[in-house]
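Novice: Can you keep this structure in mind? I'll have questions shortly.
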Amino acid sequence: MTDTTLLQSARELDAGDAIAGYRGQFDLPPGVIYLDGNSLGALPLRTAAHLGEVVRKQWGEGLIRSWNTADWVNLPQRVGGKIAPLIGAQPHEVIACDSTSVNLFKLIAAALQMRPGRKVVLSEPGNFPTDLYMIAGLEAQGLAERRLAERARLVDALDDDVALLMLTHVHYKTGEMFDMAALTKAAHEAGALVLWDLSHSTGAVPVQLNAAGADFAVGCGYKYLNGGPGAPAFAYAAERHHDTMGQPLTGWFGHAAPFAFEDDYRPAPGMERMLAGTPPVLGLSALEQGVELVAEIGMDRLVEKSRGLSEFLRRAIAHFAPDLPCISPADPAQRGSQLSFRHENAYALSQALIARGIIGDFRDPDILRLGLAPAYIRYEDCYRAAEALGEILQTGEWERDEFMQRAAVT
Ligand SMILES: Cc1ncc(COP(=O)(O)O)c(C=O)c1O
Ligand SMILES: Nc1c(O)cccc1C(=O)C[C@H](N)C(=O)O
C-alpha cells in the first residue's frame, strides 16, 4: 500500500534535514524504528565509550581519588549547568540529582514552607501519577492539601489557600502543552508559587523558565536528554529563592561543608542544598554525555525538526489510518514531540507495531503514543510507521492473541 508521493516527500524532507547527521551518533539497532524516545531515549555512542572510560580509568585506576581528580564531587552542579540553557535557566539554577519523583517531593515541600498559612497544592486530574502521589505523601504528613482542577478551571481554582501550582508542561498522554508564562503569571497574581514538571519538554520543546518567571521545575534525564535507564533527574529553582528555600531531605551532600562532618545541619548555598546523598557518578557521567549531545545539536534545530516530524506523521497517519483519531493538539506549537491516538485496542496495536520493529507505546486505557525524538528520528521512519499502522488496522493483524497479553511494563 505504498504511497509513492508521500514516501518521496519524506525522503526529500530527510535530504533537507540540517541535523540528519546526528542520527549516526546514536547506537540504534538495525531494523528498528524507535518511536519511544519520549520514555527512554536512545544510547549515544559517545556515552558507551565514555562510561567505559569512567568505569575503568576513573573508578578502576583512580579509585577514591577520582572524587577530586575527575571532579566527581561537582557532577551534579556541572551536569545541571549544562541542562540550564536547554530550559532557559542560568547554570547555577539547575542541579542534576535524584529521580524526578524525589525532586518533586523536595520542591513541593520547599514551596509549602515558603508560603506559611497556605497548604493547597493545585494540580490537574490526570497529571503524571508520581506528581500526584508526591502531594499525597506530604498530605499524609499534614503538610499539604491536594486540590485538582480541570485545565480550563485551573485559574479559577487559584485562591489564597494555594501555596503551589504544580503542573506537567507537556502532558505525558496527550502531548498537550500548557502556556507556561500565562499560568505562572496567574499563580503569582494569586500569591502562589509554581513548579513545572519538564519531563516531556526538556530537549524537545522550547522552555524559557526565567522568562516565564517560574519558581521551580523538575525533569527527567532519561527521555529526550538520552541519559540512560534510571538516569538522574534535575531540579531548578529561580535564583531569587536560593537564600530562602529549604528542603526536607537534609542529607550531608546538601550541607554547607559536607567534609567538615559537623553534628548540625547547615544548608549549602544555592542549588547544592537540594542534594541529599552521594551523587550517582556513573548515572551522571552518562547523563552528561546525552546532555552535551543535545546542546551540540541545539534546541532551535531540535524544536524545528520535532515540529516537522510530528506534522509529517500526523499527515501520514491521517492518510493511511484516517479513522484513527489523533488526540494531540493540531497546532505543533501547542504540543510536545509526540502524537497520541485513541483506539479501544491500543495495547494490541502497539504490540503489533512492535512485532514489525516499530516501537511506540501504550498508555492505559486506550492510547497509542508515538514519540518523535528529533535528534535521531527520520521523516521516512514516520512514513514507515504510518504505513504499517494502516496495514495493521486494515488487515486486523492486531487481533492476534499474543498481542493482547499485557506485559508488566508498558
Ligand atoms: C511527567 C513525568 N514526571 C515524572 C516521571 C517519572 O519520574 P521518575 O523519574 O521519578 O520515575 C515521568 C515518567 O516516568 C513523567 O512522565
Ligand atoms: N520511567 C519509566 C520506567 O521506569 C519504565 C517504563 C516507562 C517509564 C517512563 O518514563 C514512562 C513515561 N514517563 C511516560 O510518559 O509514560
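Just so it is clear, glycine is given a Cβ too, placed from its N, Cα and C backbone atoms.
Not my notes, these are from TrEMBL:
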type	residues	note
BINDING	Thr100, Ser101, Phe128, Pro129, Thr130, Asp131, Thr168, Asp197, His200, Tyr222, Trp252, Thr278	pyridoxal 5'-phosphate binding site
MOD_RES	Lys223	N6-(pyridoxal phosphate)lysine
Novice: Is Phe128 (pyridoxal 5'-phosphate binding site) helix, strand or coil when read with DSSP?
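Specialist: Its secondary structure by DSSP: coil.
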Novice: Taking DSSP three-state, what's Thr168 (pyridoxal 5'-phosphate binding site) in: helix, strand or coil?
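Specialist: The three-state answer is strand.
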Novice: Within its own chain, what residues at least 6 apart in sequence put their Cβ under 8 Å from the Cβ of Thr168 (pyridoxal 5'-phosphate binding site), listed in sequence order?
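Specialist: Once residues fewer than 6 apart are set aside, Thr168 (pyridoxal 5'-phosphate binding site) is near Asn127, Phe128, Asp131, Phe178, Trp196, Asp197, Ser199, His200.
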Novice: Between Thr130 (pyridoxal 5'-phosphate binding site) and the residue listed as 'N6-(pyridoxal phosphate)lysine', find the distance joining the two CA atoms and give it rounded to the nearest Å.
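Specialist: Roughly 16 Å, rounded to the nearest whole number.
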Novice: Let me know how many other Cβ atoms fall within 10 Å of the Cβ of His200 (pyridoxal 5'-phosphate binding site).
Specialist: 27
Novice: Just how spread out is the pyridoxal 5'-phosphate site if you go by the largest Cα to Cα distance in Å among Thr100, Ser101, Phe128, Pro129, Thr130, Asp131, Thr168, Asp197, His200, Tyr222, Trp252, Thr278?
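Specialist: Across Thr100, Ser101, Phe128, Pro129, Thr130, Asp131, Thr168, Asp197, His200, Tyr222, Trp252, Thr278, the two farthest Cα atoms sit 31 Å apart.
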